[in-house]
Structure formats: C-alpha cells, structure tokens
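Copied over from TrEMBL:
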COMPBIAS  1064-1087  compositional bias 'Polar residues'
COMPBIAS  1092-1103  compositional bias 'Basic and acidic residues'
REGION    1057-1107  region 'Disordered'
TRANSMEM  51-72  transmembrane segment
TRANSMEM  126-150  transmembrane segment
TRANSMEM  186-208  transmembrane segment
TRANSMEM  223-243  transmembrane segment
TRANSMEM  264-286  transmembrane segment
TRANSMEM  306-329  transmembrane segment
TRANSMEM  416-438  transmembrane segment
TRANSMEM  856-881  transmembrane segment
TRANSMEM  887-909  transmembrane segment
TRANSMEM  980-999  transmembrane segment
TRANSMEM  1279-1300  transmembrane segment
TRANSMEM  1327-1348  transmembrane segment
Amino acid sequence: SFQKFIKNFNFDLLCTDLLYVCFRDTWDPFQLNPIGAEKERKRTCFQVAQYLVAVIIGLAVLTSAVVAKGALLVLSTLSSPTSMRTPREQQFYMLMLVFCLVCPNVLVFIKSLWRCAFKSFVKPNLRTMAFICAIECLVSLGTSVLVLVVMPQFDVLTNLFISGGVCIVSAILQIAFRLQRETWKIVFPLCSLILTVAGYCLLGIDYYVRVTSKVDRQSGDCYIYIGIGILSSLLISLCWWENPLQATNRMQGTLKELDGFRDFVFVISSILRIIVIGAVYLFYHVLLVDSIEWSDFSLKNKDWELLQTGLGLLFLQAFCAAACHWFGVVACKIHSVKMSFALPVCCTGPAVLLLGLILFITQAQELDGAKHGSITEFCGSLAYLSHKNTTPMILLEITRSICRTSLNSYYLQWPFSMLALEGVCMWSGFVTCTYYVWKIKVQRIERTSQLFVRRLYESAFIDLSLLLNTKMKVPRAKTQESNDDIQNCVIYLCATMWHETYDEMLKILTSMFRLDRYRGDPKEEHKDCFDFECHIYVDDAFMKEKGTDKRLVNSYVNDLIQVVIEVYRVFTNKEPDDVSIIETPYGGRLMFVMPEGNMLYVHLKDKSLIRNKKRWSQIMYLYYLLGYKGYIAKNPQKHQLDLRRESMISLDGETFILPQYDNDNKRKFISDDNTYILALDGDTDFHPKAVILLVDRLRMYENVGAACGRIHPTGMGPMVWYQKFEYAVGHWLQKTAEHVFGSVLCSPGCFSLFRGSALMDDNVLKRYTTTASQAAEYVQYDQGEDRWLCTLLLQQGWRVEYNAASDAYTNSPQEFKEFYNQRRRWGPSTLANTLDLLHSGGETVKRNTSISRLYIFYQMFTVGSSILGPASVTLMIAGAFQFVFKIAGTLSIIIASVPPVFYIIICFVCKPNTQITIAAIMSVLYAFLMTASFFSIIGDMVMQETFLTPTGVFLISMAIMYMVTAILHPEEFGMIVYGLMYFICIPSGYLLLTIYSLVNMHIVSWGTRESNKGEGEAKKNHNVMCDRNCKLCCWDMKIQITQETEMLHQITSQFVNQAPPHPTSDQGTSQQTASNPENLVSPSVTQEPAVEDAKKLPTDKPDGYGTKNPKVAFNHIRYFLYSVHKTLKKIFQEEFLKKLTYANMKRNLQEQIRSSLRLRCEDDLREELVLMLTDTLNRELSDVGPEDVLEQTQLELLQNTLATQARHILKANNMKRLEKRVKLAIEKTLTAPQVQRLDEGENDFWIKLLDRYLTPIVDTKAHLEEVTRELKSLRNKAVFLYFIINVLWVVATFFLQAIGNDVISIKIPKYYTNGTLSGEVLKVEPLSLMFLLSFAILLLIQFLAMLYHRYRCTFCTHHTITSY
C-alpha cells in the first residue's frame, strides 16, 4: 500500500487543480443561490396555529374532565339509598359505577397484553411483582370502597370535595424526602398536609351539625362512613407512591428493574384490580346490606329509558376520562403544560361546583322554588313531585342531593359554610401538593413514561390522577445522572459520494451548511445540546490522465470543491476562512471550517489505495470516528497534544485551540451512547429539524440503535411519479406496521441516525467488515449494505425506529433502466436479510425486547405474500382478462400466465439491456390492460347499479383505505395523485421487476452511476513552454514550466542527488498564515532522526519502498513529500494567496466584522467598524491594483493599522471588551489556506486500517469464475423456488376455478345504491378469493397499524414542527 500511495498519488494536482476553484476573481462576483439556502423563519400562521391548538387542547382537557367527574357524581347520586329512585334503578346505576371503575383497568390490560405479545417477554422478579400487585390491590380496595360504599351515602357536594384527600401520602413523602430544590418550597407540601387534615376535620364538624340539627333525618351511622372514607382516601393515595421515590435515590434498583417487566405486571395487576372491585361490590351489596335482587337485572322494553340513561352516563364517564388522560398527555407533549394541562385540571373541581350550583338555581326556578318562603320548604316540596327517567330527573336528583346539606337545616344554616370551607381546603391541598407541575420542563419530544409515572389513570378522580401522576422532575438534578435530562451529544454527518452531479452535491452541501447555521458557534451552548462534524467520503475520486497514465482527481471532485466554495459564499458572502489540504494514505483530505466554526472534511478516496463502494466507505468512517477518534478522546494520554499544531496565537497573544481539535477534546466528555452517526447519501436534502427529531428518538429510548425518517424521492417523469406513491405507501403502511408491531427492518443509508455504542457492539461493526466470499454473502452484504447493518443491530438486541416527521429528500432513478438496476440490487438483498432474521428468529427474540414471536410470524406472512407477489399479480391480470374480455376464468389464468413465462425465458437467454427493453414494452402493454380494467370495473358498477360487486368492493375499499391514509398525512396528501400511475404499473413493479431481479441475481455490480466522468480526458494546458514528466524515486510528477518558472525544473533536479532535511515527524505540520508567505507551504520544523532512518535502508532495495517496516516506509513518504513541497511552493503560492487580493480582502473584511458582531445591540458599532475599517483599507491600499497580492511588509503594516483603528473605535464606544473578537476577524481576513500533513499517530492508524480491512480486493481469475458459478447456482435455486411456489398457487386457483363457482364461492346479497335488496346474489369467485387472501389481508393489517401510529404521533412533533 505504501508503494501504491507513492507511485499513484499526485499531490500537485490535489493542490493546484482543487484550489484554483477556491477563490474567485474580482471580475466574477456572481454566485448561484441554491434552493433552501435562505434562513428559515417562523411563519406567523404556524405560530397562530400553535397557540390555537394549545387553547383547543386546554378546553378539551377541561371539558372532558368536567364531564367525567360530573357523570361519576350523578351516578353516585342516582345509586344513593336516599335518592328518589326505586331500588331496582339504584341497583342498575350502582352496576354502572362498577363498570366505570373497571373500564380503565380493561384498557390497561389490553394495551399491556399487546405490548407483551409484540415485545419480548422479560421474566419478572416475583418479589417486586408481589409488592407492586399488593399496592395495586390496596389502591383498588380504597377506590371501590370510596366510590361504591361511601359516596352513595353522602350528598353530591361532599362527594365532590372528599376526593381531594387522595394527595395526603404524596405530601407526606415530599416532606419526608425533602424533594424541594429550594428549602423554602417545603412550605407547599406542608400546607397541603395541613389543609387536607383541616378539610377532614371540617367534614366531621359539618356532619355533626347535620346529625344534631336533624337535617334530612341524618342518622349517626354517617360517622362510620366518614371514617371509612378517610381510610379509603389514604389507601387511594398509595397509588402514586412511585412518583416521590423516583425523584430520589431510594429504591432506584427496584424501579429500574420494574421498567423491564412493567407490562407484564400491569397485565396481572389490572386483573387483580378488577377482581377486587367485583369483590367489594358483591361483599357490600350482597352480604352486608343485601340490596341486590338478581331478577331485577333482566331488563324489558319498558326499561329502555333506564338503560339509555345508565349506559349514557357510563359512556360519558368512561370515554371522557380516557379522553382527558389522552389530551393531558398531548398538552404536555406540545409544551403547553401550564395553559393546556395544569390550569384546566386544577379548574375541574371549581368548574363542576359552578355547574352544579347553576343547575340547582335554574331547577329551583323551574320547580317554583321562588314561591316558597325558605329553602327548607323548597327542599320539602321535592318529595311530592312526580318524576320520570328523563334528563330533568337527573337535575331533580342533583337538587335533591344538595338539599341534604346543612342548607336545609330548620335551625342553623351557617354550618353550610363549613362544607364550603371544606371544599376550599381540599382543593387548595391538592393544588399545593402538585405545585411542581407548574414549573415542569418538557423536552421537545418526550416519552409518556418521562411525563407520567404510571400508565394507568384513575377514572373516578381523573383530575387529581393527572396531576399526582405527573413526574417530579425538579429534584432530579441532585442525582448523578438522569434519563430525563438532555445529555450533550456529538453527531457525525457522514455522506458517501459516488459520481453525483453538481446539483446533487449542491443539495447535500446546502443541508450541511443549514445545520451549521442552526447550530451556531460550537463554543456556545445551544438549546439542543449537540456538536457536529461533517464528513464527505468521495469514492473513485481519481482518474488516469490520457497518454501519461497519471492518477489525477476527476471532474467530480472539481465539481464538489466548486459546490463547497459556492455554498460558503451564499451563506456568508465571503471567502472561506480556514481551508486546509491534507495528504493521507487513502488519497487526500480537504478540511474546511464552516461559517459558524463547525468542521467539514472531504475525504478523497483513491480506489488503487483503498476499497471503493459504499459499505467500505462506511467501515472507513466508522472505524475512524468511533474507533480512532473515540479512543483518542477517551485516552488522551495515548496522544500527547502538540500546541504548535493544535493551537494558534491571535494578535493579542491569546492561544486558541483550532476548531477541529476542540471538537475532539469535547468528545472525551460524551459517552458512546450519545455519539451518533448520521449516514447520508451524496444527494440527500434535509433540514435541521429532521436531524433533531431523529436525535430525540435516540435520546428518549436507550435501546434504539438506529432511527430513520420519511424519505421523499425527487425528480421528474413517470418513473419518479411511480416511486413517489411507492415510497409514500411504503412509509405510510409498511414502515409504520414494522414500527408498531416490532422494529423497522431497514434504516435507509440515505438518511439514518445510528447510535455509536450500538455500532460498536459485539457482532455488529466487526462482522460488518466481513469480505464476501460466497454467493449468498455477495447478495446479502454488498447489494444492500444498509439493510444488512440493520439486521446485525436487530440480532444484537437493538431497536430500529421510524419517525414520520423527519423528512429527507433524495434523487430517485428517472430512467426505466436505472430503476430496474437499482431494484435488482434491493430485491434479493431484502429477501436475503429478512430470511436471515427469520432464521435466527428464536435467538433474536431472546436478545431483542422489541421483537416477539408474533412479530416474527408477521414477517413470515409478509415474506410469504412477497414471494406470492408474481402469482397474485398474475391472478389479478387474469381477473382483468376475465372482466374486460368476458373470458372464462380458467382460460384467463392460462392467458395471464403466458407473458411471465415468456419474460422468464427472455431473462435467461438475453442480455440485461435487452431484458429491460422488453420489460419496458411489456409494462406499457400491461398499463393499457390495467387502465381498461379500471374503467371496466367502474362501468360494471354503473350497469349493475351497485358497487357491492366483488371487484367493486375491493376497488372502493382500497381507494377509501388509501384516501384515509393520505388524509391522516395531510402534508403528503398530494401523493394520492400518483396513485393511478402506481395502480397501472403494478404488473411491472411486482411481476416483471421480480422476475428480472431474480434471474439477474448473479450480477453483483452496482448498476447505477457506473461512469467515471472525465476518465481518460487529457488536461488542457495553455501558455506552456515546456511539459515535462519526472519520476522522483517512484513519485510520478507532471511539471509544467512557463517562462516565469523555468528555474523550478533545475531545483527539482537537485532533489534526486541531494537529500534535504526532512519535515517534522510525528506531529509537525506546516500551518502558516499569509503574514509569512515565504513559508506558506514549507515545513516549519525539521527532524534529523528521520533523515538517519532514511539512510539506514537496505542496500538491496535502493528505493526503500519494498520494506515492510511501517516506520521506515513512512519516513520515505515524508522525505519525498518534502521534495514535492519545495518544488511546488511557488506554483501554488499564486493560487493560495488569491484570497489576499485587494478586492477579495475588502469584501471579506466587511463580512468578517458582520459575522463577529451579531447582537442587535451591536448594530451601530458593527456598521461603524465596517465603514471605518473599509475606509482605512482603501486609504492604505490606494496604490494597489485589484488583482495584486500584498507583500509581507504590506500585510504586516495593514494588519497593525486595521487593529489600531479598530481599537480606537471600540474605545470611543466603550466596547473594549469586543477587541479580541474584532482582532480575530481581522486576522481571519489575512489568513490563507494551509497545506497540512497527518500526525504520525493518525497516519499509522490509516495504514493499519487499510492493511487490515480496506486493502483493494484483487481477485484471481479462477476465484472470479468460481464466484460467478456459485452466484448462478444460487440464482437457479432461487428462481426455481419462486417458480414452484407461484406455480402451485396459480395451479390451485386454476383447479378451484375449474370446479365451478357453485361449489366454491362466497355469496353476497346484492343491494342497490338506495339500500334496497335486489333479490340477486353476487358470487366471489375463487380467482378473486385467492387474490384477496394473498394481498388484502396484509394491507388491512398494515392499515390498522397505521391508524395506531397516527394516533400515537398526531401531536408528538407539533411543537418541533412549529419551532423552526
């Protein structure tokens, strides 16, 4: 590899041919503004919509909570023994109360059972589970006793107030554990405890007055119910024991262990809670009071009003309680905790009280209450009123219940104030207990488990349940580490390029600069707590020059550099500040400091030195970023810092660490779990919010190893239209189904975020470096590397997620041939990786908590449907023949089977290009047939006067399903337009493409972007007097000599006979500024030992490059690179210093000042500095031409003059604190690009990495023949298996069709569009039935998964989307 590096790499071209585009001439100030480069701003409509949604959610929380609480109070009032209902009615309403308590437990049971079924089962700790189940049983006991036993004995106002005491245990634990960050805040739980106790005391006093005053014949047994009620409230308050404890360091092991099997515990505990509720109901009403008559539960027609009222109240209570809980979660996730969550929930009790009083006053007026002289007379008259089971009956019972209070006393009515004061104390008690909710800080996207401690809500106390269940986050800062806190992270953006066009490069670079602008200066804190670097890996960056066979960078690299500079100018309106060229063992590297200080690296790969293609580029940057840079960051003692290399001295003498090394220094404080790799393609277009959404997914879930977003294909033409809908359906249905049922199987390499620790896990990255040696490995490893990497992650136990709101755009194939070649790689690779996952399903289920046996079964069903895809499409085409041409079913199957068989033969005997041409012709014919079939089905429905035909039902149901799916994705609703194109291309995409992919499985070339633009082109030279080719000890050089540089050849000749001093060894680097142009590209330090090592080379190898000693070989590299540096110094100097021309310097100085002073308060000072420094520059350089480069003395004088002028201006404005910033801006203006070398440590890393994993593969002819033979054998087996399975399915359908419709068919009554029955019967034939079984069932499952996914994600990203 050393010999190839020295012989093939042309460093002069890397410097001259790349840097000539770095700086523009003064006569060419025009630039290209790419789409999306403008700064993103918040749109007013989005801000208004954000507040509007918050208000709507708040009203929904308040309304649903009031209705749920009111319905429960009404049911307890109707079931009271003192109500005016019959005992039979009281029994029925009591049963409705039981169902109200059971409903939330049933919902939790279903959800937990679902998660246990589709996630791996974790064996629970019996001791922990017993403890949790005991707590849940006590809570259920307290709830059922309070609601079913105590509340029916009290009036409606007492029932409203008494529930406030359920916060007493939470207040006690807050006091005991001192969970307040500020000491004085302990006042809140103390007040809560005092107010709650005072409320209970007032409750006792109130009932004492009632008993002594003989209010409504109140008996003394009420004291027993008061005691039972207080005890029940204490038991209920145990429900939220976990919230205070999770905020401390106590029981952390138990709570963390509980998270592993919480779903299973909820399954058991919900069953136990239901059993306890039923036991309390039966024990009290059957054994104690004996109030149940089982015969009364047989309702008859005359009981319809009773049933309607009871079920209506039950539905309102159960539905509104669940809705209140859901809207409360949504309110927190959209960051509207105060306005949409805390305020409505706290106002629920007062709102219910106000509503009850309004109803009482209005009812009194309707019942002629104003005619009675006193309230006691009014309440006494209620007993004589006739009543019916209608809505006024409910108001009458509420009025009657209020009359049971001290308000109806004949002696003293002032004790009613005791009841009011009790309500104030209870309400104030739980508000002060949950004071922390008003100060809670919510991340942009937060898990429900990070917002609420328990998944279960208490429907009987929905308002208190929401507040007490909200997780305490304030005191968690006392712990060493918290999953609820945002941890700082680093993101490495890694884009792989393979012959991208100029426009495609423009997209990815614009996206990177957008992220740089969003993140801002890496030295400053950011709300998203992340740092990032951009890395671009260019495959096949070099070519051979025609006639000389020199290795030159190709025009793709030239385009890339032009794009980088052009985008830099667009975003800053100035030239790049820091540009460096670094020579590397794999080719070369360009380093840019982006406008905000973040780093951009361009790695140029020479395929003669390193393996090309995407997988090897990924291995290259994964080992570099996670292995080498991660190791150095965690072990700084292994890499001693050299301040000469890693720092620079500003004009005021202060030392600054260079940005690239500052990032590496930060890395040691960031764990591998918070190190992320963003895999990109060279044409990906994305916005910062898309990256942040993926980061949030990995931050929220520790077991998520990768996350992908919604990929949008871009381009023009019919093929792109087809792919737009195909991608939409794939993400809407397939990816969401995988995300919901288990885990996404493929995170596409064009836009995916990977966790560093997941990639570094056992059997992931190490196995990813495996070189394919067998036929199956060629298909699985190299044809779909992103899917294989995800398979390795899944098998190791990591989860892959999908975020529908993270949008990215990438170019899609626009030509039929390119599309087929792309899918020829994707199809077999997808099948191979899925079969690999299914094969290891048993072991994967044990390792991966996101994958269950049911999910494995779902994937088996999916694979089966995919394998039967050609047969299903053939049957669909047969149905079209039968329907359009009125052909018999058996004959239509035979006719439909002929084209696929014909195309299989074509694929075996013809070349790939011919196969694609014939596929294109057949696709057009199939499209005509599908179009005719579509309109024929519509015409048949019109003629039949009904759409309830088999084909009509299928067509309409699919249309409705896709339409609903598109409506639920409003931002992508326009994709539905391309649905017709997708429909008519189904035979091409699912039949012909499948055949082409299988038959050509043995072809493992990439198939797209195979051309190397510029290959073989000769470099044009103008005004050249002499063109000489030199060979300096295996270093090929092309030196062009003009009249002005004729003496350079003589200098070069001297290097062959005389060895100059070697450059700095381990970490020496030629970083020079423009203030010393003579040393711009020359080494700054020499080292004699390196020369000595070079002199000790073996005599039998005079060139020294056959040695296997890496150190000796590396010394030779340094020796000859030094020669190249001296030779090319004057050649490059002109291009390097073009930035320092008068015209460019003037523009750059203005933009540097504006970039350094950005605050609004600095506007006047900024403009004054720009004006005055520009005048100073014009005055000092009045005699300099616009294209002239300043001499060293001129630069020094100008630098001192500008610094002095800036100092005076700052002093006059009392802004001397900004002096360092302004001086640094002046210094950057006078800084030219540098030529650097890798330090010995990194260079040694690359040499070893190339030798171990990335050495170019050179296969022998015999090996290639053997691999080709194995690939064809694998192809034959796969085609045979596919063929047999599909033929069996078609043959089975053929014989079922031959048996006859009367024997095997589904008969459907025919209805007209007006709903009348026609008397005729429609039959679903076997042909249609078999197609539905293989296609419609899977689609229906995915549609249901999509509905659930939309339900989960409707508001989860609302705040994020409206924040950009």
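In case you wondered, yes, glycine gets a Cβ from its N, Cα and C as well.
Curation does not apply to TrEMBL; its annotations are automatic.
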Sort out the residues at least 6 away from either end of the transmembrane segment (887-909), same chain, that have Cβ-Cβ distances under 8 Å to it, and list them. 870, 874-875, 877-879, 881, 915, 918-919, 922, 926, 991-992, 995-996, 999-1000, 1279, 1283, 1290, 1293-1294, 1297-1298, 1325-1327
For the transmembrane segment (126-150) and the transmembrane segment (264-286), decide whether they are in contact, meaning at least 3 CB pairs lie under 8 A, counting pairs 6 or more apart in sequence. yes
Cβ-Cβ under 8 Å with the transmembrane segment (51-72): same-chain residues at least 6 beyond its ends: 97, 100, 147, 160, 313-314, 316-317, 320-321, 323-324, 327-328, 330-331, 334, 336, 339-341, 343-345, 347-349, 351-352, 355-356, 459-460, 462-463, 466, 1355, 1358
Interface check, the transmembrane segment (186-208) with the transmembrane segment (980-999), three or more C-beta pairs under 8 A: no
Cβ contacts under 8 Å made by the transmembrane segment (416-438) with residues that lie 6+ beyond its boundaries: 157-158, 160-168, 170-171, 174, 185, 188-189, 191-193, 195-196, 198-199, 202-203, 205-206, 209, 337-338, 341-342, 346, 349-350, 353, 405-407, 409, 464, 467-468, 470, 472-474
